[in-house]
Every structure is written in structure tokens, then in C-alpha cells.
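Undergrad: Mind looking over this structure? Questions follow.
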Amino acid sequence: MYYQQQHQQHQQHQQQQLQQQLYGTATTGTALGGGLQKSYTVQNVASHLLNGAGHQLHHHYGQQLPYGGRAYHHHAAPVGGSILPINTGAAHAYNSRTAAALAAGGTGLVQNQLRGPRSRIPKALSTFKQPFIRDDADGHLIYQIGDILHNRYKILATLGEGTFGRVVKVKDLERNHVMALKIIKNVEKYRDAAELEIGALEKIMQLDPNLEHLCVKMLDWFDYHGHTCIAFEMLGLSVFDFLKDNNYEPYPIEHVRHISYQLCYAVKFLHESRLTHTDLKPENILFVDSEYTTTTVPRKNREVRRVNCTDIRLIDFGSATFDDEHHSTIVSTRHYRAPEVILELGWSQPCDVWSIGCIMFELYQGVTLFPTHDNREHLAMMERILGTIPYRMARQTRSKYFRYGKLDWDEKSSTGRYVRDNCKPLHRCVITDKPDHLQLFDLIRKMLEYEPSKRITLDKALRHPFFAKLPAHQRLHEKCNESPVGAHSSTANAERERSHSLSR
């Protein structure tokens, strides 16, 4: 009995010591970072924790402005768990997993769970759990409107959610302006992806500090108790969200031209910088301002929205690769995935060009070019729309989609009939035979060349005749010494709540 009491007292003493190490006392605590100690008040723990080098756990780009993120992908089921209410009447509470571990009298589990990201992103904020910091079952940070993160960012609203985390509208209390904050799940693989995105964004900022190449700028990044957070400027809707809100009414040809031109220009810059985006899609193209004017279309006898300004920014660099070499992993969202990726033949920068071709078609038609979730069906749609896949590619692939060099596909099956009835050759998708429409599809066809080595480069794409009618004030070619071939030397609605996208 005596030894049992001694053991219980010893456990209680260990728990008290652990609690003091993790959370501090009621008034003060000690932050440990690589041997460096610093006193702090519990209320200001986020702003005073230091890393081993003595630097504050916070990277801020004070003179640079813009945004990034992603809402639900329109082809994928939303991911996320239910949010549990937080008792704001109490002063502090443990992370739910930490509390369970402490209740069990264990310390190793707690220390393991609070280890934080294995990366150059500072770790101290992940190591010392602040009271009432909790995650849901999927790793999302549980928060309430009005919460203040990092002793600086006040949450105003939730803007979007995806597999990687959530994007919230916040007010920067130091600079007194509103921005978008991407909060990554407290899951190691998503933290690792966030670190890659931060690295890509930092490289882009070094190469293009004035945002001349239309890539989103990162304002700030920091770790918040295992959640990597990236701050961006508030932007408008994605070109997909605007399309969806407009009942999938296609963009006018002039809008298709300007959006496509900017997209080619931005990705060309990435390619010249030895970066490949690998996840280009309409959700990752955001309008700078998505205010619109409503107009009536006589032939449809209904009102449609026309965005007032078609300036865009390219976002989501979480899957970007840092070189232009040959790769073998599966990349890109299904509907924008190049054939060499599906056939596992390896890929490089031309896979981005294929994605742009698919995006341009979607802007023009309002629907996805390849509406499928299956590899074999995807390849069948390609053959129906673009013609037979080259024998060389069929022969080299190790996949089981071909027999004797031909796609193994039953056209008489239900899926075969679906492809036949819902897909038609690309040239038959042109709405009118006006020159600029025909030029658009000529460019799309060159981007959807099966052989990556024969696919048009973005340098040549920017000089395609389709861009010849681009107004002078929309051209960016003077900055890259390019010019298109054939080029010649209302009332807005009230601004709506911005919507942002997240990495899947």
C-alpha cells in the first residue's frame, strides 16, 4: 500500500512537471528552444517562443503584398471533420490528444505528438501546446470567429476548405489590413507539402519581387502548434468558382484570350525558372477582383455575369517541382492530367502545357474536356477527342491499358457508349467559324499533342495568332521581349465575400 501511494505521488509529480514544461505556470513559463531559454507570459506565448538560433518564430515579408489557397475541388469530395465547440468561458484547456495522454499518466506519447514539423519551419510553437489549442479528427485546427492566432491574426470568417486544410479571412492587427490565411492540417505529410510550397513561393519572390509574372505573393508564414500557416493577400473568386456561380456560362472569347494569355505568361516564367507547377486547373487561377456586371443574353433569355476585370493570379505551389528534369510520379488533378502521366512514361514541363490546353477549353465551353475518374476511360476519351494514341507511347507503357499497341476498350459497353455519346472530335466543339475561335482551337490542339516533345512550348504559344487581338494594355510581352504573331503595333454589383481555394 505504501509503495502504491509513493508510485501515485511520483506519477502526479511527473504530470505536474510536464504541464509546467508544456504550458508554463499561471503567470510565467519557460520556452526551451535548442538550449535557449526565455521567459514569457502565458498569454503571449505565441509571440515569444524562440527557435534554437534565437530568431522569432515568424517570417514576415513586410513590403510585399498578395494571396493563395483553395476551396472544394469540383471533382473531389470535400474533406474535413466536424468542429467541436470551444468553451470560451474557461481560460485554458489542453489539446484533446494531449489531455488523454496526460490523464493516462504517460509522457512519451505527449512528447511524440507535440513534436511538430520536421523541417526548417520553426518547431517551438509545435512543441509547446497552448491551452485550448485542439484539432478535429482530420487534423484541422479547431477555432472560433474572433480567435487570434500568433498573437497577431484575428479570424474573421472561413473562406474555404480542402484536403490540406482551411483558408480563413483574418485581420492583421499589426498592419490593420485584411488578408487570407491558409491553415494546414496538423498532419506530417501536409506540413511537408506546405514546406515545399513555402520554398517555391520564396524562390518566386526572389526572382520576381514586383509580381510582374502574376504568381501569388506570400506575405507571411509561421507555425502555430503544428499547423503551418501561410498568409496571402485577399483576392477574388477562382475562375472555376465564378464559372460555377454563373451557372457554367462560358466566358466570352475576349475573356478566354486574356485569362489564357496571362496563364501562359505566368507558367512560362515558372518554366524558365526551372519550376513545374504540376497542378494547373481553374481552381488555382484567381481573379484579382471578381466584381461583375449582370447583362442579359438575348439568345438564352436570361441574365449572366460578366467579370469586370480579368486580371488573374496563379496560386497553389504545393506540388511544384524545382527542376525541369524527367519525373515518374503521378501528378496533376485527374481532368487536367497529361497522357504521359497516366501511362507512367515520365513527365516534365510539357505536362503543364497539356493542363493549360484543358483549362482553355473549359473556359470556352464551360464544361470539363475529360469528365472522368478512370484511367482507361480517360484514355478512351482522349482517343475519341484527339485521335489514336501514338503506337510508341502505347508500346513503351507498362500499364495494362493496351493490347497489341491498341487501347483495350469495349466501345459497345455502357461506358463505351457513354464516351461515344458525350465526347466528340475537338474540331467539332468550335461554336462558330470566326477566325479567333478557330485560332483558339488551333492553339488548344497544339497544347494537347500526345507526344510531349512535339507539344507547343509556352514561348511559342504566347506568339500564337490567337493572342494577336489582345489589347495593348493587356499585353505583357514587352517585359519578356515577345510579341504575338500577327499582333498590331457599367454598374458593378456590391462587392461580395471573397472565396479562396486550398491545396487538395
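The first residue you see is number 1, and the count goes up from there.
Using the three backbone atoms N, Cα and C, a Cβ is placed for every residue, glycine included.
The annotation domain 'Protein kinase' is assigned in TrEMBL to 153-467. The ATP binding site annotation in TrEMBL covers K182. Per TrEMBL, region 'Disordered' is recorded for 481-504. The compositional bias 'Basic and acidic residues' annotation in TrEMBL covers 494-504.
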Undergrad: For the domain 'Protein kinase' (153-467), would you mind checking the mean pLDDT of the predicted model?
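TA: The answer is 95, the mean pLDDT of the model over that range.
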Undergrad: Count the Cβ atoms, other than its own, that fall within 10 Å of the Cβ of the residue listed as 'ATP binding site', considering every protein chain shown.
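TA: Excluding its own Cβ, the residue listed as 'ATP binding site' sees 33 Cβ atoms within 10 Å.
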Undergrad: Check the residue listed as 'ATP binding site' against DSSP and tell me helix, strand or coil, would you?
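TA: The three-state answer is strand.
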